[in-house]
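As structure tokens, the structure follows; a few thoughts come after it.
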Amino acid sequence: MAGAGLRAAARRWLLGGGQGGPRAASTSPSCPGCGPPGPGAHCPGTPRSAPTGGAELSAHLWARYQDMRRLVHDLLPPEVCSLLNPAAIYANNEISLRDVEVYGFDYDYTLAQYADALHPEIFSAARDILIEHYKYPEGIRKYDYNPSFAIRGLHYDIQKSLLMKIDAFHYVQLGTAYRGLQPVPDEEVIDLYGGTQHIPLYQMSGFYGKGPSIKQFMDIFSLPEMALLSCVVDHFLGHGLEFDQAHLYKDVTDAIRDVHVKGLMYQWIEQDMEKYILRGDETFAVLSRLVAHGKQLFLITNSPFSFVDKGMRHMVGPDWRQLFDVVIVQADKPSFFTDRRKPFRKLDEKGSLQWDRITRLEKGKIYRQGNLFDFLRLTEWRGPRVLYFGDHLYSDLADLMLRHGWRTGAIIPELEREIRIINTEQYMHSLTWQQALTGLLERMQTYQDAESRQVLAAWMKERQELRCITKALFNAQFGSIFRTFHNPTYFSRRLVRFSDLYMASLSCLLNYRVDFTFYPRRTPLQHEAPLWMDQLCTGCMKTPFLGDMAHIR
């Protein structure tokens, strides 16, 4: 692995004193190349005499900086890039496919992957509904869909009209808060939340991403919704129009809902499936392969039968139902997983409802609504032998994992693009130097004279610039859907909590045997080895002042 190779190279560099040859370990209690007298490990470069202060200290800090620059350059050979495979499956939890007997699937963005060309259609139709049916200003029609504005997983504070990115610890990532299409200054964001970046738990989204005043946008269909919401707010603010934030938010979400309820989206896709449906042949290959290996398949989707039938005929063929043991449409997830009251109803070949009581779920038949509890009773498919795939972490996966013990797989189409960015030389060098500089700042903060503070301030400024550059590689406004500057995003936290596996598309399964075991990488906790890159680059494996604290023990 790349990390092991980098660590090994760093150790060789350290032992060689930066020259490639071995160097005997020092027994000195201080580390003159790294900081003031005190405990510390060897640093890159030949030992230097301890600086005394002023200009000498400043020169010493910049010398350490240059040492780190050279080390990072030497540790990143050209082949270090392109290490991650965008078509790989990534594991949050150990899972063996050998133990999985039943595979379940959502339809939209799981079995059927849609082209991005669908988003401008949704945006424009909902915008026109706002103008024509909700009587919003005609000036809103000038806005077109901007595919590069928002990312999935953002939060929207309804009362503050604030679209923002929040990390796993409920902190707003500064520089990622927008009101309308304009960024909100960091100082204003902090002031809006009572002098902090932290959003209290009671204000945050509830279990399904809908809190009392803050909503999280979790599915891919929400991208045009966020764009339209921001454009409408931008128009009202730009023209000095007074509005109630809650009313505006509800009108926009209702307009987006109308696009789905009125069947407009279904019509566009049905009229040009070649344009809108991607990887249909790969979906067919995945399903056929699973059936050939004796796996049982089922489909649970919120979409109507006529739409699903036409899409599956396009991807799989007219006999697509013979691949599935159970097919359930208009399931009304996530209520399907928690509400016991709705019974299953059978549909005839034309999609009309029948009235007979359902006592078993038959292969080749179509069922509507129902609930998971009856599903479990009728199929006896329980626990970890079931693996269900979906794109929505809340509506598709959360209940199944937490309440019923199914294994779950998240389909994250954005993963492919993000991995391609991570594989670039610009990202790799920027991130590695950023980590090294962070470690240097941590170690050198022991110098607090005026000249040293100026050096540290320059480093802090450079670090912030690096973080902004790295963020903009993914999205100029909000960065990566998986990370804030350094912490996981709130979206990532939910991804890890609710999915055993995650991948860019269902077709990634074709790269693995049907009895393959996925093992999650052991990600070091902060107190664990192996060493982090910033520690290696600063050459400091021990904590400053630890020796001074020994008397406390």
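Placement of Cβ uses the backbone N, Cα and C atoms for every residue, glycine included.
Region 'Disordered' is the annotation TrEMBL gives to one range among 17-37, 332-352, and that range is 17-37. Around Asp106 (Mg(2+) binding site), the C-beta neighbours below 8 angstroms that are at least 6 residues distant in the chain are Leu299, Ile300, Thr301, Lys333, Tyr388, Phe389, Gly390, Asp391, His392, Asp396, Ile411. Note on Asp391 (Mg(2+) binding site): other Cβ atoms within 10 Å of its Cβ, all shown chains, come to 24. The 10 Å shell around the Cβ of Asp108 (GMP binding site) contains 22 further Cβ atoms across the protein chains shown.
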